[in-house]
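Trainee: Okay, handing you the structure first.
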Amino acid sequence: MNNPLLSISNPVKFFKPPIPYRISLNTTINKKQKHQSKTLVVKSNKRSTTSLTSSVSLVRRRNNNGDGETTLVKKVGRDEKGQTVLLCALGYWVQGLRCFSWLALNFHMAHCLNLKPSTLQLVQYTASLPMVAKPLYGVLSDVLYIGGARRVPYISVGVLLQGLAWGSLAIFPGAREVLPSLMAFILLSNLGASITEVSQDALVAEYGLRYQINGLQSYALMASAVGGILGNLLGGYCLLKTPPRILFLAFTALLSLQLIVSLSSKEESVNLPRIGEVTPEISSVLGIVKKQFLDLKGIVQVDEISQPLIWIVSSIALVPLLSGSVFCYQTQVLNLDPSVIGMSKVIGQLMLLCLTVVYDRYWKKLPMRALIHIVQLLYAFSLLFDYILVKQINLAFGISNTAFVLCFSSVAEILAQFKILPFSVLLANMCPGGCEGSITSFLASTLCLSSVVSGFTGVGMANMIGITSKNYSNLPAGILIQSLAALVPLWFIHYVPMLEPGFEREGKRAMSKKSRRNRRVGRVIGQESFAYRRERET
């Protein structure tokens, strides 16, 4: 991209990762209830397994008088979990499959509408403008309920808008043959995709915080990568046999399946908290939205959040992309088949999937700044693969254009996508309760805005140096400028934190057994949180 606060009438407070950055939301909490809440005590006589399918979590809280305790038994059945997993996994999988329809759309604009490279790229990045408004969708998803829920209904609305857009492009010839109408339906499609992505990201972030599951964003990216692999593979092959409108229709059918799943899913199965009550000052919808924006503004201004955001946004916006020119060069000058372009994307998505798995298992324990430094260097040098292709240096080494495009064409794009993952995990772990949708959508919005700026800058640079559909002689110079611009963010790499907060806390908790006797010890297994306080031994 993409959380409600606990009910203030409920004296039970769930564990959530501590926010070490003094991020506070001006929520109205009953002081008496807050004063009575003291220590979370959970006892378990049996050794729990690490399975994520445990169905009961017992939480007890003892009051100050010590004469009573409040017990909450939280049941999450296997069927309910399966429904949640299906909803999220299918959503991210379809999100990755959007490349299936977009590959067909790019070939339709380049070959059927005969758009110039700069015009093609301008259409591509103008279509992303609805995604810039993701913070608005995130705030509405955080505070505005639809039918008693505030995540799943927004997913359904977004999927419906996408289905209407792609279905119209498939059925009505005038919708796809005239550029203004084509642009309108593309914008509608991306509006629906934005709403769906924000709701899914918020649902995943909130679910991970509530059940103490760290790094769920990695699995979301894996599902998206699997969808990208299948979408590019089928898209490249189908374009050789069928016109683009058939691919639009097939993707519409897939969206219909996702809509059925989302409509049949109940948000109560996720067992997420609700916003209990609001103060009279914010009782109106506009008041709630205004308060949420103020909370978001206060959170984003914290250095520990603003500095990583500034770096990742700058690292994208400072690079003038020439993706439209390179695409037209590959298809119009090198005459590469759609299957070759699609297969190159498949290989790239396989690389992204492997990188995500390795990151989730090993690399997320590495210093974040060092990891991002290496990835940015690799990204800057991988942009030179297009330079090698345009200058035909690969032929001097006996590598055909087809083989070179298959192996190296998508490396830079995949590294740019992978670079975002550590920042997504970082901000998801730092989200205060009730702002998951706002924070994740703000991240997605800034990333999208930086991509739009990068694309528009690339169009301007292409026009300045004279890159046209009939003259690609200056394309190598533009690619060199791209690569040099990608090195600029390394000058302020210190904005990236050394470690993610979760691993900093784990390092601080690594202490001797003697020290742990007098400290609170916590461990998380699966979805059950155990915490107890030992008295000082005398």
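A Cβ is built for glycine as well, from the same backbone N, Cα and C atoms used for every other residue.
What Swiss-Prot shows for this protein is this:
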TRANSIT   1-57  transit peptide
TRANSMEM  85-105  transmembrane segment
TRANSMEM  129-149  transmembrane segment
TRANSMEM  152-172  transmembrane segment
TRANSMEM  178-198  transmembrane segment
TRANSMEM  220-240  transmembrane segment
TRANSMEM  246-266  transmembrane segment
TRANSMEM  309-329  transmembrane segment
TRANSMEM  339-359  transmembrane segment
TRANSMEM  370-390  transmembrane segment
TRANSMEM  395-415  transmembrane segment
TRANSMEM  447-467  transmembrane segment
TRANSMEM  479-499  transmembrane segment
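Describe each of these features in terms of where it is and what it packs against.
Mentor: With a cut-off of 8 Å between Cβ atoms, the residues of this chain six or more beyond the transmembrane segment (85-105) that come close are 152, 155, 159, 166, 169, 186, 193, 196-197, 200, 203-204, 220-221, 223-232, 234-236, 238-239, 244, 247-248, 250-251, 254-255, 257-258, 261-262, 265, 338, 341-342, 345, 349.
If you look at the transmembrane segment (339-359), the same-chain residues 6 or more away from its ends with a CB under 8 A from one of its CBs are 96, 99, 103, 218, 221-222, 225-226, 228-229, 232-237, 239-240, 327, 330-331, 402, 405-407, 409-411, 413-414, 417-418, 421-422.
Panel annotation: around the transmembrane segment (395-415), residues 330, 334, 336, 340-341, 343-345, 347-349, 351-352, 355, 375, 378-379, 382-383, 385-386, 388-389 of the same chain, lying at least six beyond its termini, place a Cβ under 8 Å from a Cβ of the stretch.
Outside the transmembrane segment (447-467), and at least 6 residues removed from its termini, the chain residues within Cβ reach (under 8 Å) are 117-118, 121-122, 124-126, 128-129, 131-132, 134, 312-314, 316-325, 420, 473-475, 477-478, 481-482.
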Trainee: Below 8 angstroms Cβ to Cβ, which residues of this chain, lying six or more residues outside the transmembrane segment (479-499), approach it?
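Mentor: Cβ under 8 Å, 6 or more out: 304, 307-308, 310-311, 314-315, 318-322, 367-369, 372-373, 376-377, 379-381, 383-384, 386-387, 390, 426, 458, 461, 507.
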Trainee: For the transmembrane segment (370-390), what are the same-chain contacts with Cβ under 8 Å, counting residues 6+ beyond its ends?
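Mentor: Same-chain contacts beyond the ends: 311, 315, 319, 322, 326, 329-330, 334, 363, 401, 404-405, 408-409, 411-412, 415-416, 418-419, 422, 472, 475-476, 479-480, 482-484, 486-487, 489-490, 493, 496.
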